[in-house]
Amino acid sequence: MMSFVSLLLVGILFHATQAEQLTKCEVFRELKDLKGYGGVSLPEWVCTTFHTSGYDTQAIVQNNDSTEYGLFQINNKIWCKDDQNPHSSDICNISCDKFLDDDLTDDIMCVKKILDKVGINYWLAHKALCSEKLDQWLCEKL
């Protein structure tokens, strides 16, 4: 009985940790509200988020003086606030940990502000890896 409970717990924990790792098609569907916004296509977003966070909604990257959060790797120096950077400009008026859940609504709202202020080049992966040959980033299962 104890081994069954252990296996059940491992299964639940494994599933819970996998929940934030999205697939290409899930990202394609989730980001439909960004289609064409700022002149950026959905395949460009799918490519950019893959190279930025690996489709991981809980990705956190610590830099020397800042941290980037979530699927879009939104920075705490300018766009959101956290304990590490209490003097953030917080342009998106949001706590950075909100970018670590599976609800991408607030992430997308902030992404639109980033696009309006600085454009797609905020995401370095876009220009280097996601501005051409985008067929591989399409999802046929819509």
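Each position is counted from 1, following the chain as shown.
Cβ from N, Cα, C; glycine included.
According to Swiss-Prot, the features are:
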SIGNAL    1-19  signal peptide
DOMAIN    20-142  domain 'C-type lysozyme'
DISULFID  Cys25-Cys139  disulfide bond
DISULFID  Cys47-Cys130  disulfide bond
CARBOHYD  Asn64  N-linked glycosylation site
DISULFID  Cys80-Cys96  disulfide bond
DISULFID  Cys92-Cys110  disulfide bond
CARBOHYD  Asn93  N-linked glycosylation site
BINDING   Lys98, Asp101, Asp103, Asp106, Asp107  Ca(2+) binding site
Taking the Cα of Lys98 (Ca(2+) binding site) as the centre, which of the recorded positions listed as Cys25, Asn64, Cys110, Cys139 lie within 10 Å of it?
none
Measure from the Cα of Cys110 (disulfide bond) to the Cα of every one of the recorded positions Cys47, Cys80, Asp103, Cys130, then give the nearest.
Cys80
Counting Cβ atoms within 10 Å of each candidate's own Cβ, which of the glycosylation sites Asn64, Asn93 comes out highest?
Asn93
Around the Cβ of Asp107 (Ca(2+) binding site), the count of other Cβ atoms that are within 10 Å:
26
Including all protein chains displayed, how many Cβ atoms other than that of Cys110 (disulfide bond) lie within 10 Å of its Cβ?
23
Cα separation, Cys80 (disulfide bond) to Asn93 (N-linked glycosylation site) (Å, whole number):
6
Give me the sequence-ordered set of same-chain residues, not including Lys98, Asp101, Asp103, Asp106, Asp107, with a C-beta within 8 angstroms of the centroid of the Ca(2+) site's C-beta atoms.
Gly70, Phe99, Leu100, Asp102, Leu104, Thr105
When you tally the Cβ atoms that lie within 10 Å of each candidate's Cβ, which of the disulfide-bonded residues (Cys25, Cys80, Cys92, Cys96) has the highest tally?
Cys80
DSSP helix/strand/coil residue counts for the domain 'C-type lysozyme' (20-142):
55 helix, 12 strand, 56 coil
Measuring Cα to Cα, how many Å separate Cys92 (disulfide bond) from Asp107 (Ca(2+) binding site)?
9
Who sits close to Cys47 (disulfide bond): which same-chain residues at least 6 apart have their Cβ under 8 Å from its Cβ?
Ala125, His126, Leu129, Cys130, Leu134, Trp137
Fill in the CA-CA distance, Cys139 (disulfide bond) to Cys96 (disulfide bond), as an integer in Å.
29
Neighbour count (Cβ, 10 Å) for Asp103 (Ca(2+) binding site):
11
